[in-house]
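Marked as domain 'Phosphatase 2A Regulatory Subunit A helical' by TrEMBL: A:145-326. The repeat 'HEAT' annotation in TrEMBL covers A:68-106, A:145-183, A:222-260, A:261-299, A:300-338, A:339-376, A:382-420, A:421-459, A:460-498, A:538-576, A:577-615, A:616-645.
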């Protein structure tokens, strides 16, 4: 029968379309009507005579609902993966058309059997099924979705499996407590005791969603299963268990956290594989948050200390990376006694990766220190390590530090900043690595609040100049982006004196992105310093470039005018800019001419109607008869936008 | 700031050649975490060969202990004297275990393994270059190689010593030892991986009790590589060892081994860095098929499932592997797989990348494959014909067109009548396909409209009356190909639909 489907393609379209009409009807009528539609028809009914059916039309479902599934199946079997993928992505349409009962009885079994497809198709399927609850008839029937998702949760490809688990987690919430025990929990158990590691890996992600809503006997079983998986002999499963340990701990009763989770945590944290141990560090944060303060020392700290000194840098890296979270979880006392020395060690670690991760946390760590001893700890313990890091051999470490070090000034206050931090800032401003200097400059605002930027300006200038001329255009771009901020902090005099030339030099950079950013920068500066300043310092230079022999520079003039006209106001635009733009309409390069048209369109709204009619209009009309088609196009566009026709 | 050269100024990017030139061969220390505070200076011990035989054993132990001292090789100025003493001692130890008989007494085993473990087992340092491309970039070399090399050499000689007794050694060379050894295969230094390969091979040969464990751990490493990290430097070396292990498998193959083939070796083909270990991988696969030809069908289906979609370089490798498999395939197995396989080959032949097309067309230069094709020409020709015919007219590359002509000629000679039939029906077939394609497009377009809850659909239903007419027209065609009872049902259904359309209008 399916074979016939193809030949009848066109007819099916019609069929499908009626279905669509019905579907809409159903949507409008709401769920009650939808149920009415789904009345199953007996075989006898199906063989009723035409008239009988016609008379029953109001409520009966047509047999044509057969075709969408036929179409789908035909498409699902197509040789072309893309077509199979398409049909899977439209699965909800098909299910909607089929109605809930046929979706349950025909579509889902079919899908369960097609699990041997390409991973891409399976991924789409796994995702779709997570949103299928209403399409199978609501929460009452949601367990019908379990068989296909169970198979999907056992495939090798991680992406598919993860998606299946995600969908399973989603629909688990739609199960009633009874269904959860009758249908969902057995599935978790089956997965947890599967032969191949993939199903056991998937099971790890499902314990925490069903645990809170099942009876205590089932809870005991779930805990047992989780324990077993934590000591699985494949590292893949242990990794999955370790990564879900924190999440599982959160749903467990406190007594079980102490009795079960802690022993699992300790075991995983001393696993033979560092990839497992480092995941235990992540769990440490959640576990420590759950336990009362007095238990932390005995239950968590031995393991955490061991992790901070692990022989694998990956584990130490993880500790450094999670340091702020750990600090918050264990509280101020343990932080003072244990974490401070641990953090010092991490800042002095032999691997640059670890040092960089720790350096990134310097500010957060200091911020979260208990207030009473904060300054003392920073000054005596942390700052000496930070000083060493400023001259680290590895540039990633230095630039990680540079991105946060400025934040210390707010914590330490004016005097300490000037005495201790300022020399470090200055050293980093002279660092050989541009990223370090850039990170310092981009965080200047923190220092500005505490000591004022003047303290730095002497060293700042050479650093900025050097970055402004860096060989990498991305570095130049980054420094341009900080210009408005710097200008605001340094004040207009300093700017005019030292930085103005740089800003103008960027306008003739050989990289377009820089010229574009420079244009935008000028606009922001004008917004900051006002139109008068613009008229005196920027506008003459910009307009001067209109006579440059390089057409790219002439175009930059136009781009600047586009950006500046609004900020400069009608007077400057009409008197100074407009004549230049109009003059450029005679440029011999077509690109310049059509940019004149674009510029006129852009600055038109700023001009008064007299200027528009007497000056702009004739020029645009002339350009509209240009030999170049692009010039013509943009001139016409400008004429219509400015309503000059 | 260093002066910027003119060429750099132009686009801001440094030339790749310049970047490459700046890079030197880097070396890297192992990530030994605060192992010893400060190395004690070593003092030279007397030569083993000069010691009286009664004291030799004691001296041997002392020297082994001395060699447990580790040095920082990134710091090239400190401990020069001690480093040299350790190097000389290691050399002497290597010499001692390889030339002397009777030196491996039972008490020496723990000392020996202790020295080896201390020196070689370490956490590998983070890669200097996170996007290390093994084909382009120079590997980072192990800084402490002058010592580590000798320790590996010593381990190898120890294992190969005629007096070596696995029954004693297995207390020390245990699962944990092997596990740590396997982790070292991730070393970026090819010299180290080469030693490890030989050593692991010896251990596999001598310790029967560890064999299953070793295979399982290699499995785990591969699975982690495929599904989790996509990074492991020693895949090729491990596969090379597996190649010879597979060679020694007893028949019939255990389920474990078949599972390894299907769930590990075949998915390994999906790796991005396949080119680094494809030769070894293909060798392993072919070894399996030579052992058990019934695996051919699942293997080829597996390869077809993971066939590269966007990477032409990998596609060429896949084709190479398929040819290796076809070289050893049994004709009965060929029959089972020929249809899906040749559908893929016909796609490859039509690939716009000429290297892919060329590699596929080279199959026709292979005598054995040619004979298989000839035997099954009635099945294969209809699959191949469309692509070949189209490519002979359309491909941009003249070499490919010439090759295709030859292939078409060969195929024509195999079955002239079938060839003629296909030629004459080619146009009609294409048209039918095109029509089918259009129908599908239209179908999906309509289905798409289902989703749009657009009320105008009901009013402006363009399929309204014309749709009904078309349906009635089609109805005749349906009835023709359906059985009596089916027709009844269809009539009902159609009339239901007709009625609906009318009632909505």
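Glycine residues also receive a Cβ, built from the backbone N, Cα and C atoms like all the rest.
All annotation found in TrEMBL is predicted automatically rather than curated by experts.
When pLDDT values are averaged over the repeat 'HEAT' (A:421-459), the model yields 80.
Using a Cβ-Cβ cut-off under 8 Å and counting only residues 6 or more beyond its ends in the same chain, the repeat 'HEAT' (A:339-376) has close neighbours at 305, 308-309, 313, 316-317, 319-321, 323-324, 326-328, 330, 332, 382, 385-386, 388-389, 392-394, 396-397, 400-401, 403-405, 407-408, 411-412, 416. Taking Cβ pairs closer than 8 Å, the repeat 'HEAT' (A:538-576) reaches residues 504, 507-508, 515-516, 519-520, 522-523, 525-527, 531, 583-584, 587, 589, 591-592, 595-596, 598-599, 602-603, 606-608, 611 in its own chain, all 6 or more past its ends.
The helix, strand and coil residue counts that DSSP assigns across the repeat 'HEAT' (A:616-645) are 21 helix, 0 strand, 9 coil.
Long-range contacts of the repeat 'HEAT' (A:421-459) within the same chain: residues 386-387, 390-391, 395, 398-399, 401-410, 412-414, 466-467, 470, 472, 475, 478-479, 482, 485-486, 489-490, 494, each at least 6 residues beyond the stretch ends and with a Cβ under 8 Å from a Cβ of the stretch.
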